[in-house]
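Structure, as structure tokens:
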Amino acid sequence: MTNIRKTHPLLKIINDSLVDLPVPSSVSSWWNFGSLLAACLAVQILTGLFLAMHYTSDTATAFNSVTHICRDVNYGWILRYLHANGASMFFICLYIHVGRGLYYGSYMYSETWNIGIILLFAVMATAFMGYVLPWGQMSFWGATVITNLLSAIPYIGTDLVQWIWGGFSVDKATLTRFFAFHFLLPFIIAALVVVHLLFLHETGSSNPTGIPSDPDMVPFHPYHTIKDILGILTMLTVLSMLVLFSPDLLGDPDNYIPANPLNTPPHIKPEWYFLFAYAILRSIPNKLGGVLALVLSILILAIIPMLHTSKQRTMMFRPLSQCLFWLLAADLLTLTWIGGQPVEHPYIIIGQAASVLYFTIILLLMPLVSTMENHLLKW
């Protein structure tokens, strides 16, 4: 008798995606981050749902409602900090996931890669809007500064900003619509994740060697289910330690001050996971140029498949490209550090140098070094 999981219309889909799915036997723990991201999304949707039951999106009561959640709601404090620090874990996993894609040439599956870029933008938009909701000082001024960047768009910029604000400044209308979008977007992200997986399962997963792995596959269950569960438990342990021992480690103290439109904080900065892009934005003196650099710093991922000049798919056997990859990782960490510093000497020049290096590595050095490695293969 055939097993029901192989015949039932609904169970068959789950079976083909999570049980009998053939996976290359050589995939390493770097392939775990997809499942970790799914776990992060589940944690964020669940905690967010319970937080939304108590939160009020009104400028007069938003800050107090968050305080009420932490003080009066049963386990409200843990929900709030799981949600806030869950976002940090989400971005750590997200950046490692993208980095793994760059290192092992996963971008050659263009549909999966492009959906992934859309997902990255959607998660960034969701996180930005979520940061505005507690209505602290950094929430308010972060929202004001970042939305104001759209005014750099010629002709329609000012109208666009006022349209997003729902008035002439960040106010009640802005907060209400940001809450609505922040609630809606995670479900759109979940739908995009399904599409992401759909395209991935069309081609099958890549592997560290970059060579076709059809002759050497293992079933997803039990090998990779066990591996994923271990990864998820590790991530949840780290998240729990962060939430229970130092919940405000990654936050901004200014956000414990209620939003005041009449008092600007000395250093306006976004959450740590946007600091690299913020540093690139600040490194260009021109407003429109800065906004373009900011968008291109993420959108540049879309042209990476076109910049692939190597005869090998992955960097596993390409030591020169590996050096460049880790230089890029170090450069991004430098940009993250600079983004959190005040705009003064020597941080300005370091930020500008790191920004130039970021684009130079991706657009110029990586394709050149890949071509050079192709010639070295002939020796």
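Even glycines carry a Cβ here, placed using N, Cα and C.
The shown structure was predicted, so the numbers you read here are calculated from the model rather than taken from an experiment.
Residues or ranges marked as transmembrane segment by Swiss-Prot on the basis of similarity to another entry: 33-53, 77-98, 113-133, 178-198, 226-246, 288-308, 320-340, 347-367. Look at Swiss-Prot and you will find His83, His182 tagged as heme b b562 binding site. Residues or ranges marked as heme b b566 binding site by Swiss-Prot: His97, His196. The ubiquinone binding site annotation in Swiss-Prot covers His201.
The shortest Cα-Cα distance from His97 (heme b b566 binding site) to any of the binding-site residues (His83, His182, His201) is found for His201. Outside the transmembrane segment (288-308) by six or more residues, the chain places 98, 102, 105, 107-108, 110, 113-114, 117, 120-121, 124, 149-150, 152-154, 276-278, 280-282, 355, 358-359, 362-363, 366-367, 370 with a CB less than 8 A from a CB of the stretch. Counting Cβ pairs closer than 8 Å to the transmembrane segment (33-53), the top stretch among 77-98, 113-133, 178-198, 347-367 is 77-98.
For the transmembrane segment (77-98), the residues of the chain that approach it from at least six positions outside its boundaries are 30, 33-34, 36-37, 40-41, 43-44, 47-48, 50-51, 66, 69-71, 116, 120, 123, 127, 130, 235, 238-239, 242-243, 247, 250-251, 271-273, 301, 332, judged by C-beta separation under 8 angstroms.
Here the transmembrane segment (113-133) has Cβ contacts under 8 Å with residues 55, 57, 62, 66, 87, 90-91, 94, 98, 101, 106-107, 139-140, 142-143, 146, 170, 174-175, 178-179, 181-182, 185-186, 188-189, 192-193, 195-196, 199, 270-271, 273-274, 298-299, 301-302, 304-305 of the same chain, all six or more residues outside its ends.
Residues 279-280, 282-284, 293, 296-297, 300, 304, 307-309, 321, 324, 327-328, 331-332, 334-335, 338-339, 341 of the same chain lie 6+ residues outside the transmembrane segment (347-367) yet bring a C-beta within less than 8 angstroms of a C-beta in it. In this structure, His201 is the one among the binding-site residues His97, His196, His201 with the smallest number of other Cβ atoms inside 10 Å of its Cβ. A sphere of 10 angstroms centred on the C-beta of His83 (heme b b562 binding site) encloses 21 other C-beta atoms.
Secondary structure from DSSP puts His182 (heme b b562 binding site) in a helix. Of all Cβ atoms in the shown protein chains, 21 besides its own fall within 10 Å of the Cβ of His182 (heme b b562 binding site). Cα of His182 (heme b b562 binding site) to Cα of His196 (heme b b566 binding site): a span of 21 Å. In this structure, the CA atom of His83 (heme b b562 binding site) is 24 Å away from the CA atom of His196 (heme b b566 binding site).
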